């Protein structure tokens with residue numbers, strides 16, 4: 001019944017002891033640290049800080065949309081700048097950085113049983129370049145002309161022309177430079193995440209024993225390494241167009257009655273490059289969320305994940321498929337009908353592995369011993385939200401439905417549900433889940449419950465009505481829509497309602513931040529394994545894990561990550577590093 | 001976008017081949033190890049640094065494949081006027097080939113422990129790579145002198161952009177090479193030196209390959225080749 005190879009097949013030097021870098025001063029221990037755990041916290045803190053800026057920007061936008069004509073300081077230019085910065089910060093500087101730089105750095109070495117990332121110095125550089133990218137981005141708020149208002153997709157030619165905020169000022173240049181820096185920094189980190197999973201797994205940790213969190217982050221990192229170069233190329237070429245006057249993307253164009261020196265370029269070329277990055281980006285954010293949520297559900301329902309193999313294959317399959325669907329963002333740019341058909345088909349095919357994952361989560365819950373802890377609540381909310389956002393994705397994947405809806409608030413509602421709210425819910429759940437490991441103390445339960453219910457219900461009250469507004473034909477990207485036929489009185493009322501909900505949800509995040517800080521000192525002592533979980537990060541000798549993670553000897557892995565409620569076992573969980581055979585009810589292979 | 005898709009297909013093929021060796025059909029829920037029974041990892045015997053470099057080169061390859069894709073798409077528009085390639089490029093190509101050969105020799109010598117040959121190979125490789133970069137600058141000056149300015153035509157813009165990007169990668173490689181060379185003179189541990197030299201050689205061969213592909217692209221042979229393929233297919 002035991003399907004393992006004897007130990008003599010293992011070369012003794014399989015997991016070579018790493019030469020750990022030992023910090024000598026306060027600076028190298030907490031600031032210029034090469035310890036992945038410190039880097040993870042630095043990444044998370046920076047991402048959260050810039051994310052708060054993006055949150056405030058969304059409030060300003062909602063002020064304008066909900067109560068048009070009331071706030072003089074929100075000019076049309078300012079509104080476009082808010083949109084652009086909100087989108088770019090949330091997608092790249094918050095979600096990507098937090099999932100891969102934050103959770104990736106913290107969890108990968110701990111979960112695979114490694115002492116640290118394989119290239120700690122490069123890992124440290126990765127964070128500092130990321131910080132530089134964030135600072136460059138933030139500096140554009142103070143540059144003459146303000147940040148760019150080109151929309152987060154930065155489509156040329158408007159992105160670099162007069163009339164677009166920041167187009168002929170510093171805004172767009174700072175944005176492009178910041179993105180280029182981000183990509184360089186991310187590549188350094190990404191190499192670490194991938195090679196650590198490949199090379200630094202502890203003995204016994206086969207790929208099929210990895211927790212799904214690691215599978216999700218690993219696959220997402222591979223995708224990001226291959227997709228970000230497309231954004232890099234697009235940014236470099238646009239920077240050339242803007243700063244040096246080339247015509248990669250710029251067609252012959254007249255600006256303010258004056259013929260520009262550009263000519264012959266193709267804006268569509270930019271769209272191809274941008275979305276060749278942009279679509280995988282959706283899954284770069286979603287796959288870590290898929291992985292993390294699988295672990296949360298399994299742990300808090302005290303039940304093994306249903307269909308582990310299928311989950312792994314689905315993650316890899318989604319990762320591969322997501323590279324051949326990019327043009328579904330370009331239906332309205334016009335394309336050969338056969339291409340439209342092809343991209344609509346591939347888009348709908350992605351729904352298959354995604355649906356498999358949803359079924360598996362639900363089947364994991366089925367007859368599980370569900371503990372409605374805060375992380376579990378967030379995980380459940382994720383499933384609902386993701387299904388909701390995914391279903392509207394099926395609408396928009398079809399060319400004939402997408403073309404009329406593409407410019408409406410329906411699309412805004414769709415992508416916020418599926419790649420805004422859903423991954424953020426997972427991030428919250430994950431923070432409530434792993435905070436005890438990071439700090440040694442639990443987050444406050446009452447504040448957590450409050451945060452969850454306001455965030456979850458509030459997010460629904462924001463984005464669910466937005467679908468209806470979109471179906472009524474209210475277009476997106478407009479600063480003000482008074483006296484138009486689509487903007488009926490009920491649409492106005494809904495908009496005001498949505499705005500009020502947005503403020504409420506935003507304020508609930510302050511409770512969360514307070515909880516994060518308050519609990520460091522006042523939280524309940526957590527102990528090493530408060531959730532009674534199986535994965536290796538909960539088996540460290542010290543909490544929070546010390547430098548080098550696992551004390552003197554690295555753990556040896558004897559089983560998969562999901563041995564919950566095994567019949568016949570003493571406890572309802574068996575850690576991955578516990579040897580021995582338990583249980584009687586299992587069928588032989 | 002066909003070039004990048006073909007490139008990704010190759011990567012996907014490689015990833016699929018690797019995954020197929022990772023027992024993806026295993027049923028982990030049936031595996032319960034007892035002490036002494038440890039599942040053998042299919043961990044690679046290659047040094048971690050080499051795998052890291054391999055992954056990095058895949059990213060670099062992706063970058064240049066994307067530039068190539070953009071090149072072909074922009075080329076199809078009507079204002080494209082190919083620029084004449086200066087003859088110095090042939091010389092530069094020869095110099096870069098020499099650089100790669102020198103590093104290959106250094107790598108073989110490092111395996112045999114012949115430290116003098118290693119030093120000679122590293123120094124030669126560094127100097128020839130520098131000569132390549134100088135040669136590229138000469139090409140740029142020649143072109144600008146002849147009036148082929150960056151903004152005059154997209155073909156020119158791509159020429160400067162892609163050769164510049166390749167030059168930057170060589171420059172980055174020179175940083176690594178100079179560190180390894182310094183190690184060779186200051187008595188680095190033999191196994192460490194060997195790894196360093198091998199990494200440099202790997203990077204150099206890859207950049208040589210990229211250069212040859214770029215050269216073919218800029219000279220227009222790549223377009224002819226694709227045209228022939230397209231005719232064969234249709």
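Here the Cβ of each residue, glycine as well, is placed from N, Cα and C on the backbone.
Since this is a predicted model, take the numbers as computed values, not measurements.
Annotation comment: TrEMBL describes A:21-558 as domain 'Cytochrome oxidase subunit I profile'.
Positions annotated as transmembrane segment by TrEMBL: A:38-60 (among others). Remote same-chain partners of the transmembrane segment (A:38-60), defined as residues 6 or more beyond its termini with a Cβ less than 8 Å from a stretch Cβ, comprise 29-30, 74, 78, 82, 85-86, 89-90, 93-94, 97-98, 101-106, 123-124, 126-127, 130-131, 134, 137-138, 438, 502-503, 506, 509, 513.
If you look up TrEMBL, you'll see A:80-108 (among others) marked as transmembrane segment.
Look at TrEMBL and you will find A:128-150 (among others) tagged as transmembrane segment. Within the same chain, residues 32, 42-43, 46, 50, 53, 77-81, 83-85, 88-89, 93, 97, 101, 158-160, 164-172, 174-175, 177-179, 181-182, 184-186, 188-189 sit at least 6 positions outside the transmembrane segment (A:128-150) and bring their C-beta atoms closer than 8 Å to a C-beta of that stretch.
Among residues of the same chain six or more beyond the transmembrane segment (A:170-191), those with a C-beta under 8 A of the stretch's C-beta atoms are 81, 84, 88, 92-93, 96-97, 100-101, 104-105, 119, 122-123, 125-130, 132-134, 136-137, 139-140, 143-150, 154, 159-160, 164, 221, 224-225, 228-229, 231-232, 235-236, 238-239, 242-243. Here TrEMBL flags A:170-191 (among others) as transmembrane segment.
Per TrEMBL, the feature transmembrane segment maps to A:212-240 (among others).
Marked as transmembrane segment by TrEMBL: A:282-298 (among others).
Residues of the same chain lying 6 or more positions beyond the ends of the transmembrane segment (A:310-332) and with a Cβ under 8 Å from any Cβ of it are 208, 212, 215-216, 219-220, 222-223, 226-227, 268, 271-272, 275-276, 278-280, 282-283, 286-287, 290-291, 294, 339-340, 343-344, 346-347, 349-350, 353-354, 356-357, 360, 396-397, 399, 402-403, 406-407. For A:310-332 (among others), the entry in TrEMBL reads transmembrane segment.
Remote same-chain residues near the transmembrane segment (A:338-362) are listed as 290, 293-294, 297, 305-307, 310-311, 313-315, 317-318, 321-322, 324-328, 331, 383, 386-387, 390, 393-394, 397-399 (criterion: CB distance under 8 Å, separation of at least six residues from the stretch ends). Sequence annotations record features per position, and here TrEMBL assigns transmembrane segment to A:338-362 (among others).
For A:374-397 (among others), the entry in TrEMBL reads transmembrane segment.
Residues of the same chain lying 6 or more positions beyond the ends of the transmembrane segment (A:409-432) and with a Cβ under 8 Å from any Cβ of it are 90-91, 95, 98-99, 103, 282, 285-286, 288-289, 292-293, 296, 373-379, 381-382, 385-386, 388-390, 392-393, 395-396, 443, 448, 451-452, 455-456, 459, 462-464, 466-467, 469-471, 474-476, 512, 516. As annotated by TrEMBL, transmembrane segment applies to A:409-432 (among others).
The transmembrane segment annotation in TrEMBL covers A:452-474 (among others).
Residues or ranges marked as transmembrane segment in TrEMBL: A:494-518 (among others).
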Counting Cβ pairs under 8 Å that are 6 or more apart in sequence, does the total for the transmembrane segment (A:282-298) and the transmembrane segment (A:80-108) reach three or more?
yes
For the transmembrane segment (A:80-108), distant same-chain residues with Cβ under 8 A (at least six beyond the ends):
36-37, 39-41, 43-44, 46-48, 50-51, 53-54, 57-58, 60-61, 74, 114, 117, 123, 126-127, 130, 133-134, 137, 141, 146-152, 154, 164-166, 171, 175, 179, 182, 186, 189-190, 193, 196-197, 213-214, 217-218, 220-221, 224, 281, 284-285, 288-289, 292, 419-420, 423-424, 427, 430, 434, 438, 477, 479, 537
